[in-house]
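Trainee: According to TrEMBL, the protein has these features:
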| type | residues | note |
| --- | --- | --- |
| COMPBIAS | 14-26 | compositional bias 'Basic and acidic residues' |
| DOMAIN | 89-521 | domain 'Major facilitator superfamily (MFS) profile' |
| REGION | 1-26 | region 'Disordered' |
| TRANSMEM | 176-194 | transmembrane segment |
| TRANSMEM | 200-223 | transmembrane segment |
| TRANSMEM | 235-256 | transmembrane segment |
| TRANSMEM | 268-288 | transmembrane segment |
| TRANSMEM | 337-358 | transmembrane segment |
| TRANSMEM | 370-392 | transmembrane segment |
| TRANSMEM | 404-423 | transmembrane segment |
| TRANSMEM | 435-456 | transmembrane segment |
| TRANSMEM | 500-516 | transmembrane segment |
Amino acid sequence: MSLSDQVRPGRPGSIREEDVKLEDGPAVRESALSEGTFHQSQVGGKAVRKHFFSPPDATLADAVNRDADNVDFTDAEEKAVRRKIDLRVLTLVVSSYIFNQFDRTNIGNAHVIKAFNDNFGITNNNKWTLALSIFYVGYCQDCTPCSNAIGADVLPIGLLEMPANVLQRYIGANRFFFLSLTWWGLASLSFVYAKGYGGLLALRVLLGIGEAGYYAGMIYYLSFWYKRSELALRISLCMTGTLPGAIGGLLAFGLVRIQTKVLVGWQFLFLVEAIPTIFMALVTLLFLPSFPFSSSFLTPREKAIAQARLNRDHRPQSHGGMTGWEGFKAIVNDIHAWLLMIVYASFNVGVATISYFLPTLIRELGFSPLASQGLTVAPYAVGWLMVFFQAWHSDKTRDRGYHIMLSTAVSCIGYIVLAALATKGSGSNMIGGRYFALFLVVGGNYSLFPLVMSWAANVFSPTSKRGVGTAFIVSISNCVSIASPQVYFDADDNYQKGHAIAAGCLFASFLAAFALRTRLAHMNKKNADKRLAIAAEGASEKEAAGVERIEEIYDNDPRYVFMT
């Protein structure tokens, strides 16, 4: 590719070949271009931010993107770069998410302990479900407007996750997640010495505020590192509650036995699981790279390769594009966002209940509080296998819709079994059937997280719309989740009605996934016909296919191909 092919209109902070000293000759320049280091070599030393909330260096981002347009690399080199990204990025994301789930769900393990309920005045099921529901209020608090990455436009939304994604893109992921982990780590630690029902409710709200934006933000963050066909597997490895659930059950089984003069068992549970979160916040700040262009563990050539493989897939942008308000308007007018929200909100009713009620449901089978905590490990462990297989096969086949429908069906069947056997007595067959149904529910529910969120990341474009879109789906769904624990209102009937409601929600999720997949498949076919028509009118094959492109392709462009 010749040097003249790479000359483009100047942009603020961009670097153009004609502005560079050319004394080395064209052969040397061509070699540097194909090496993927030419433009980065023209940028000075490491960029220094003025303060904590300063945005990343747009000049360096532009240099890496321009090198990515020219770099030549082999499949082996791409795999090596992806392996380095997995070791650094996934390791840190997995660790932070495990601590997130510990702090979010340890209250479920503590609830089966009488001392915990006595300390916080949880005297009946209504108080318990209210304490669970109020956590999601923290996701829906009003917040101050956030500027986007290119100006002072604001996103006047009363849902924390959408402006949180805008803030994350503006200041960088490592700083945003440092703030998030520190907040909820301190809130979780405060449970150790808090007392009374009012204190419990206040801390649950604070915990929700700290975690708002974390989950959608991590999905958004991973889209800057992985291709669309790689996302589901990575999300299944790092962002599903099955692995933390299994580990948390084992920890609870051991920690609640500890008794001292200062602290009792349930307090150790919150203490041991909160302190590592605060430590992880500092590790994230120091070692988690915000974007490929700002990573210190990649060489300049590796940065160009990391960016190039994404540019050839969906070309994410660290700055520019739609403003926050424009992204929000695009999302609320996109039927795909609403269908994905229905899918997510419906199955999240099951997740929001089973993650807190699993120890309680097992205790209702006749087991002791300690045994019920230990027996949570097996459903989570088997569930993780289903999560991993579904995500791996989904990426391999480049399909999301059918896999989501399968997982919703499995979970729905589990809830139907639980509802059918809830009032059939306590015989060994009934207990075995209900315990087996919990395996279906856990595996089906949690395997939906990576599938649905990676689907959302594949459906929305450009990057700024993708960030608002993933946050929109999670934030609206979590507001719906305020009511989710309330479906388990019939403790006297072993939650039969609650199981039936959850089954209905999973069926609704199935229908929404079917409708979305059908629509996307139809749009892909229609867009393919349009591309052929463009080619027939005289456009080159490459232009019709969108191979030669400078900026991101929007999802309403005929060249955009949806993953179904």
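Positions of Cβ are set from backbone N, Cα and C atoms, glycine also.
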Trainee: Note the mean pLDDT of the domain 'Major facilitator superfamily (MFS) profile' (89-521), expressed as a whole number.
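Mentor: Computed over the domain 'Major facilitator superfamily (MFS) profile' (89-521), the mean pLDDT is 85 on the 0 to 100 scale.
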Trainee: At a C-beta cut-off of under 8 Å, are there same-chain residues at least 6 beyond the transmembrane segment (176-194) that contact it? List them, or none.
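Mentor: Residues 96, 99-100, 103, 106, 120, 164, 167-168, 200, 203, 206-207, 209-211, 213-214, 217-218, 263, 267, 270-271, 273-275, 277-278, 280-282, 284-285, 288 contact the transmembrane segment (176-194) from elsewhere in the chain.
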Trainee: Which stretch, 200-223, 235-256, 337-358, 435-456, 500-516, tops the Cβ pairs under 8 Å count with the transmembrane segment (370-392)?
Mentor: 235-256
Trainee: Which bits of the chain, at least 6 residues beyond where the transmembrane segment (268-288) starts or stops, bring a Cβ under 8 A of a Cβ in it?
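Mentor: Residues 88-89, 92-93, 95-96, 99-100, 102-103, 106, 109-110, 173-175, 177-178, 180-182, 184-186, 188-189, 191-192, 248, 251-252, 255-256, 258 contact the transmembrane segment (268-288) from elsewhere in the chain.
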